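Notes follow once the structure below has been shown.
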Ligand code: COA
């Protein structure tokens, strides 16, 4: 048996830079209420959402990703040619293959970076950060670009009362690279496939397209969600996961500066903060109010905003947690770059 040479990378990994792209169009509740027989008051009370960002025709998954990534790479103090792996978390790149990550890597000007997509719905970005950290520490790449991007309006049924007012579009990106000190804590992640149907694409593509013998429906598959069950799961089970991520990183509540939960819904964010007994000193991301829920993009968009507004400062300790369809979840403690 031949001896296989192994490889090891940096002692630790850290987030080096963050960037974001928000679609230009701001959509107020008044624009969505008619089709779902709702009201601005109901939406604000149930979700905390006042406005959301919806992409225009030119704001594709690739375009938004490239814009966010360029900013993240620049803030990391790097050139795109130094990125040697690109991980894109999305559920709304509607071309089954190839991975949009390859096109993004090419447009950015990386030097033949490894590039692949991951599908973990709203928890995709935190899965990507976990992978990136391990990739850097294993030496498989030196600088990993992680993108969370969605154009959910392509798969949104604007007449569906349970989803039309919640979901949104956008992109966020982070560069993960080597570090002499720990900058990304151990991930706590998992899934509960027993609840596979709670948030899902309603129809299988084969039922939509059909076959020459049996034509399909021809109707675009849409997102569907059993909101009440998701709400209960996210509000309570996810607080425990957040605490486990803090414990795994050896970070106490008093040492935590910033909390960036998935921007699902303001009531879920508040319920998690209460369940976790976060001290008043912890600054909490509340980007959902005017961004909506942009799934894989929500955590990096919220993080970018907190950094821009001075609520997350360089060296701060932040807890990231994301959760959604699958059901799947991932959480980790990170140091703000
Ligand atoms: N506008 C106005 N009324 C609505 C409505 C809408 N869009 N959708 C439902 N309703 C009404 C229902 O008809 C029902 O009325 P009734 O009491 O007279 O029968 C009432 O509101 C409650 O319906 P329900 O479906 O139980 O809503 P809810 O209280 O669970 O709220 C959500 C709906 C979607 C806001 C809530 O379930 C939620 O926030 N879930 C989590 C969703 C989420 O964040 N998902 C992302 C995770 S990745």
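Any Cβ shown, glycine's included, is placed from N, Cα and C.
All TrEMBL annotations are machine predictions without curation.
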> Among 248-252, 253-257, 258-262, 263-267, where does TrEMBL put the label region 'ACP-binding'?
Replying inline: 263-267
> Are there residues of the same chain, six or more positions away from residue 122 (active site), whose CB falls under 8 angstroms from its CB, and which are they?
Replying inline: 262, 264, 293, 295, 296, 298, 322, 323, 324, 325
>> Across the domain 'Beta-ketoacyl-[acyl-carrier-protein] synthase III C-terminal' (246-335), what are the DSSP residue counts per state (helix, strand, coil)?
In response: 35 helix, 23 strand, 32 coil
> Could you count the residues of the domain 'Beta-ketoacyl-[acyl-carrier-protein] synthase III N-terminal' (116-193) that DSSP puts in helix, in strand and in coil?
Replying inline: 23 helix, 28 strand, 27 coil
> Near the region 'ACP-binding' (263-267), which residues from the same chain, at least 6 beyond its ends, have a CB less than 8 A from one of its CBs?
Replying inline: 46-49, 122, 166, 230-231, 234-235, 285-289, 291-294, 298-299, 301-302, 323-324
>> Need one number: mean pLDDT over the domain 'Beta-ketoacyl-[acyl-carrier-protein] synthase III N-terminal' (116-193).
In response: 97
